[in-house]
């Protein structure tokens with residue numbers, strides 16, 4: 001490769017080495033008159049030889065080589081001028097491979113004159129330079145950059161730790177011209193040094209603090225592929241902190257947020273990526289997919305159909321299915337086809353709109369209208385909880401602003417559950433959000449009137465004005481004919497007035513709307529007992545006993561209803577007492593009659609001389625008190641061997657459990673826990 005030396009222009013043309021030396025010596029006569037005002041280092045002009053404190057006159061010159069190795073590494077080699085001794089204090093206008101740690105490095109011979117550099121090739125790659133440009137490397141300052149008053153920067157200081165920070169182009173302000181190199185995006189300690197061109201800094205800063213954001217992104221991608229979305233998110237956050245203007249990092253962060261179920265945050269990240277780079281089609285595609293999951297099909301289509309890119313067939317199919325089912329769901333709701341509404345809402349969710357709160361609320365509303373209150377309440381608890389999102393909040397579902405629709409359905413469910421104050425609060429919020437919507441306004445008015453009627457009815461009932469209370473509850477039912485609480489309250493009024501058939505009718509209406517309404521079932525059972533419809537009463541009390549196993553009032557009512565039913569059939573009843581002590585069996589006929597009762601009977605076969613029987617007997621007494629609906633008996637095998645032989649009992653203690661005359665379980669020598677668990681199981 002060829003090597004080039006700068007060619008100084010000196011008035012008379014090209015000079016040979018001897019004439020140039022004579023010329024430099026002659027210039028020393030005017031040195032004292034023209035030297036700069038920086039006396040600490042006593043340095044001369046950048047274009048004149050340097051003089052040390054000891055009086056030695058030295059000069060250092062450089063020849064830049066443009067071989068393939070030097071151009072890629074940015075290094076410069078030099079040789080010592082044969083006429084002068086090397087000097088450790090090189091000024092900023094010279095290129096040298098010397099440093100403070102190696103001050104004796106040699107320099108190649110070159111012409112002593114030089115010109116200020118006007119051009120720069122970045123990334124540490126330099127080619128051959130013209131006669132007017134000083135050769136540069138990635139580790140030195142451009143030739144001719146000096147501070148005011150002739151103060152010269154040390155080149156050795158600029159070479160000590162250059163690999164730690166990236167080179168940045170200066171902005172051309174203060175004493176630094178365009179093309180000056182600044183360290184790590186910072187500025188030199190000069191006046192107006194903060195004015196650094198931000199575009200140049202972004203272009204040159206590949207690494208920040210020694211960390212490559214691309215490496216962080218690659219590591220984040222690997223964690224994402226492994227399903228470690230939290231770790232991937234942290235890495236993308238770090239990459240964004242280093243390069244906040246990178247759209248790809250924002251899009252990747254959105255993917256990690258999607259994996260964590262933080263859909264609205266993911267949407268915002270995709271929107272930011274699109275803002276940074278409107279032509280970034282992958283961010284548009286990801287944003288479209290997210291908007292489909294939120295049920296925002298119109299907004300999704302704008303991003304899925306990106307100009308110049310083929311539409312993803314999977315997302316296209318998902319979009320078409322969600323759009324179709326949403327349209328059918330809306331049509332079914334308009335005509336109060338709640339079965340169709342429920343079917344299409346669930347189909348929309350299954351097709352891909354699995355983060356759309358309105359569809360989950362629509363499903364809850366349909367279940368409520370179909371008198372499936374428990375399922376409706378359960379569906380309400382599964383509605384995705386999303387943070388506020390402007391585009392989402394301004395979208396209309398079924399003609400209602402999306403947020404207002406959420407409160408509208410919540411108000412209906414709260415009222416059906418008898419939480420009237422909560423219903424009014426939710427309806428008022430819906431009215432505040434969408435005050436001009438007719439459906440919202442009608443619901444708000446009805447909720448307020450129903451709540452007022454229920455409060456008035458309760459006050460009249462407490463005052464024992466049962467007829468007026470019936471009228472008040474009836475007024476509420478005219479406004480909300482599917483309110484099970486109002487039916488149950490009116491049934492209580494009819495019961496107090498002795499209108500038992502009317503009480504049963506209102507309880508039936510309440511149970512039709514809410515099948516597991518315990519209070520309505522209890523009032524109906526009491527009405528059946530008053531009417532001596534014992535079979536119906538026993539049926540209701542048995543259901544209540546399963547639902548309220550620890551409620552002794554239900555157990556006692558069930559026992560008396562069972563006894564009354566047995567008597568009404570002409571059957572003989574031996575045990576007329578509810579709860580109390582364990583009944584001792586004195587004969588075979590008594591035993592047969594006891595286990596044939598329409599209830600659960602527990603028989604303890606024991607022996608007065610057996611230690612284990614003595615230890616477990618106190619527990620049997622305790623269980624008898626705890627479970628009064630169960631008929632407890634005890635048989636002494638030594639006194640009544642015929643009963644033991646008939647029941648094939650050989651070991652004591654043995655417990656046998658009977659239900660309606662049939663043996664359902666046998667336990668031999670049980671532990672306390674096993675016996676108690678079995679009794680509790682059959683008491684329900």
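Yeah, the Cβs are placed from backbone N, Cα and C, and that goes for glycine too.
Look at TrEMBL and you will find 16-32 (among others) tagged as compositional bias 'Polar residues'.
The feature compositional bias 'Low complexity' is assigned by TrEMBL to 58-79 (among others).
According to TrEMBL, the compositional bias 'Low complexity' annotation covers 87-102 (among others).
Residues or ranges marked as compositional bias 'Polar residues' by TrEMBL: 118-142 (among others).
Residues annotated as domain 'Thioredoxin' in TrEMBL: 590-676.
As annotated by TrEMBL, region 'Disordered' applies to 1-143.
Among residues of the same chain six or more beyond the repeat 'TPR' (213-246), those with a C-beta under 8 A of the stretch's C-beta atoms are 202, 252-253, 255-257, 259-260, 276. Among the features that TrEMBL reports, repeat 'TPR' is placed at 213-246 (among others).
According to TrEMBL, the repeat 'TPR' annotation covers 484-517 (among others). Across all of the repeat 'TPR' (484-517), the predicted model scores a mean pLDDT of 94.
Beyond its flanks by at least six residues, the repeat 'TPR' (484-517) meets 371, 373-374, 416-418, 450, 453-454, 457-458, 461, 464, 466-467, 469-470, 473-474, 476-477, 523-524, 526-528, 530-531, 547 of its own chain at Cβ-Cβ distances under 8 Å. Note: the domain 'Thioredoxin' (590-676) comprises 33 helix, 26 strand, 28 coil (DSSP; helix = H, G, I, strand = E, B).
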